[in-house]
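Marked as region 'Disordered' by TrEMBL: 1-42. If you look up TrEMBL, you'll see 15-31 marked as compositional bias 'Basic and acidic residues'. Per TrEMBL, the feature compositional bias 'Polar residues' maps to 32-41. Look at TrEMBL and you will find 55-432 tagged as domain 'Major facilitator superfamily (MFS) profile'. The transmembrane segment annotation in TrEMBL covers 56-84, 96-116, 123-142, 148-172, 184-203, 215-235, 290-313, 355-374, 380-400, 412-430.
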Amino acid sequence: MNNADIPPKPLEYIQSHEVEEGHKNSEDKYSESIQSLNPMSNPRDIDDFPEGGARAWLAVIGGFAILFNTWGVTTTFGVFQAYYKSDFLSSYSQSTLGWIQSVQIAFIFWGGTLTGRLFDLGYFEYLLAFGSIWTFFCYMMMAESTQYYQLLLSQGVGMGLGMGCCFGPSMACVSTYFKKRRGLAIGLCSSGAGIGGVILPIVSNNLFPTLGFKWTTRILAFIHLGVTCMAISMLRPRFNPRKMKKCQEERRILREGEPSAELQMSAMDSFKLFFVRDSWIDPTAFHDSAYVLTVGGIVLSFFTLYIPFYYLQQFAVSIGVSKSVTKYVVTFLAAGSAVGRILPTYLADTYGPLNVLIISVFFASILNFCWNAVHNTAGVIVFALIYGFVSGAIGSFPPFILPHLSPDIRKIGVRLGMAFICMGSISLIANP
């Protein structure tokens, strides 16, 4: 049969075929452009961890800066507590003053519960921006404080909430880039808390006598602002659920030709999803015995973890250690913590995170009992360095271990938040 014998195709078929081909080509080109703009738009890519690369290591540096500004600040409270007791809050007991720090730590963890869900919804950048600006504002309010309740609100509640908006999402962000090397990555980030705990107490102790409380606090506020701006420029979420959802809906529009209310009201959808029960609680976690037991053990270990950071400096004064040494006691603790946040987490990649955590908790318990045997300057320094090391290991493990216990990377924020609310509740009553 030659071509002349083939009957011509109807005009309607030719037109519809051309439209389908053109529609398919335009959709393919659009999909390719979306993939290039959003590498995580393919759900299968979510479980492929980069384990490195410029973007991943910049996130680690950004996480280091966030930990410098959050837990590095909390380890400095021993300096503030000693100053409050010797100056304008001398009539208050150590236990009463300790409530300021307990409230701050509790709100850091509770803030992690709130922000964990917002991180999962794709609002990471907004959380960092709000947290940094709010913490800076609370620093300024703290500088103007002259009463106990004012410090409790500004340094305790306000700064705790602001730092919580930065801490939890940053650790979740870093965790999405690593799996096999997550211990090293989280350890490097956590060392920022130790470095902050070394630098900030030295700055505070040397500025209090010369500039006074107000200007010392203001200088710390500007240090916070500069370091946080650096962190914001480096931290980028590996995937954004809001953009992924929009890309998928736009592809559907290309196929069906009719936009849905879901795309038109994406902001409203996010608002509704924020209040859904499953947005705050992952019900499957309660049936995961490994997750439940691990969180329970971490919560119990946090009950006494930071007590030496609050009281060791005052203890050194009470046993007659010279003032030139006592003002660096918190620095010794933080120096040990900086090393303890890197080496154990690095070893955890080889020997298992739970094994290393159990050993660290055991030695921390023994050291708390040995505290009563410290009677001189050398003993205080040695105790501070060793306890700082093991406490740094314990403090750095929760954001490392808990993502491993989340089978779905998109649920990391929720599971971290569930653990943080338990850790915050126990930390609230631990110090006082």
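A Cβ is built for glycine as well, from the same backbone N, Cα and C atoms used for every other residue.
The transmembrane segment (56-84) and the transmembrane segment (290-313) are in contact, since at least 3 Cβ pairs between them lie under 8 Å (pairs 6 or more apart in sequence). At the 8 Å Cβ cutoff, the transmembrane segment (148-172) and the transmembrane segment (96-116) share at least 3 close pairs (sequence separation 6 or more) and count as touching. A contact between the transmembrane segment (412-430) and the transmembrane segment (123-142) is absent, since fewer than 3 of their C-beta pairs, 6 or more residues apart, lie under 8 Å.
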